[in-house]
Amino acid sequence: IVGGKTAKFGDYPWMVSIQQKNKKGTFDHICGGAIINVNWILTAAHCFDQPIVKSDYRAYVGLRSILHTKENTVQRLELSKIVLHPGYKPKKDPDDIALIKVAKPIVIGNYANGICVPKGVTNPEGNATVIGWGKISSGGKQVNTLQEVTIPIIPWKKCKEIYGDEFSEFEYSQITPYMICAGAEGKDSCQADSGGPLFQIDANGVATLIGTVANGADCGYKHYPGVYMKVSSYTNWMSKNMV
C-alpha cells in the first residue's frame, strides 16, 4: 500500500494473508484476500502459479504482523479448493479473480470475520479503502504490519481513457466493465497487495467488499489509478462456485 498508514489491529477482521511455499520450505506472503464466509476467501487469480499445487499455499487470518504467524489470534488455514475464474488467462486479465475454499471452517471472532458482498451489480462512487501487506513503493520494501489507505473511485469512462492505446504495454490496458479504478497521486495498492479487498464502510459501520486488487500500472503513479475487479459483477459466479 502506497501513501497509507498502519491499520489498527482488529479493525479489518476479514483480511487474509495468502502465503506460498518457497524453496526453503517456509511460507512467504504473496497476496491478500477477503473472508466471504467461514469456508470461502476471495482473492486474485494471478496469485497462483499454474499448474496449481494446493499444498504450496496457505491462508492466514487474525495476523497482527505477517512475521508472527504463531500468535494466539492467528488461524493457519490449509486450502481444499482453488477456483480460478474461467475467463482468466495468465498475463492477460479480464477476470483476475479466484475463490479459495479452506479445509476447515474459519473460527469467527474479533480477529476473523466475513465482509459483506454486494447483492446486485452496483456502481460504487466516492471514496473506498484498500488494505494490504504489500510494498509501500513500486519495487520498494514490503511491510509486516497491515497498511490502509483511502482512495477516490475514478469514473469508469475516465479510467478507460487513461489506460488508452499509448499505454497498452501495461497488462491491464484492457479496462473492462467488470473493473473498478481507484487511486490518487501517491495513494495506491502495490505489489503483494494483489487479491486484497477494496471496500466501503457505511454510516452504520457495515463494510461492503466492492473490489479485489488486480494490478494497474506502477504503484501510486500519478496519472494511472489502480485497477480492481468489480466484485458485484462476479457475485453470480461466486455463488455458483461456493459449493
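Cβ coordinates come from backbone N, Cα and C, glycine included.
The domain 'Peptidase S1' annotation in Swiss-Prot covers 1-243. Annotated disulfide bond per Swiss-Prot: Cys31-Cys47, Cys159-Cys181, Cys190-Cys219, in sequence order. According to Swiss-Prot, the feature active site, charge relay system maps to His46, Asp96, Ser194, an assignment based on similarity to another entry. Residues or ranges marked as N-linked glycosylation site in Swiss-Prot (evidence: experimental evidence): Asn127.
Here the features listed in Swiss-Prot are painted onto the structure.
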residue: Cys31; record: disulfide bond; DSSP (3 states): strand
residue: His46; record: active site, charge relay system; DSSP (3 states): helix
residue: Asp96; record: active site, charge relay system; DSSP (3 states): coil
residue: Asn127; record: N-linked glycosylation site; DSSP (3 states): strand
residue: Cys159; record: disulfide bond; DSSP (3 states): helix
residue: Cys181; record: disulfide bond; DSSP (3 states): strand
residue: Cys190; record: disulfide bond; DSSP (3 states): coil
residue: Cys219; record: disulfide bond; DSSP (3 states): coil
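The residue listed as 'N-linked glycosylation site' sits 11 Å from Cys181 (disulfide bond), taking the Cα positions as reference. In this structure the C-alpha atoms belonging to Asp96 (active site, charge relay system) and His46 (active site, charge relay system) are separated by 6 Å. Of the candidate disulfide-bonded residues, Cys159, Cys181, Cys190, the one lying closest to His46 (active site, charge relay system) when CA atoms are compared is Cys190.
Ranking the recorded positions Cys159, Cys181, Ser194, Cys219 by Cα distance from Cys31 (disulfide bond) puts Ser194 first. Annotation for Cys47 (disulfide bond): spatial neighbours Ile18, Ile30, Cys31, Ala98, Ser194, Gly195, criterion Cβ-Cβ under 8 Å with sequence separation of six or more.
Taking each of the active-site residues Asp96, Ser194 in turn and counting other Cβ atoms within 10 Å of its Cβ gives the largest count for Asp96.
In this structure, Cys159 is the one among the disulfide-bonded residues Cys31, Cys159, Cys181, Cys190, Cys219 with the smallest number of other Cβ atoms inside 10 Å of its Cβ.
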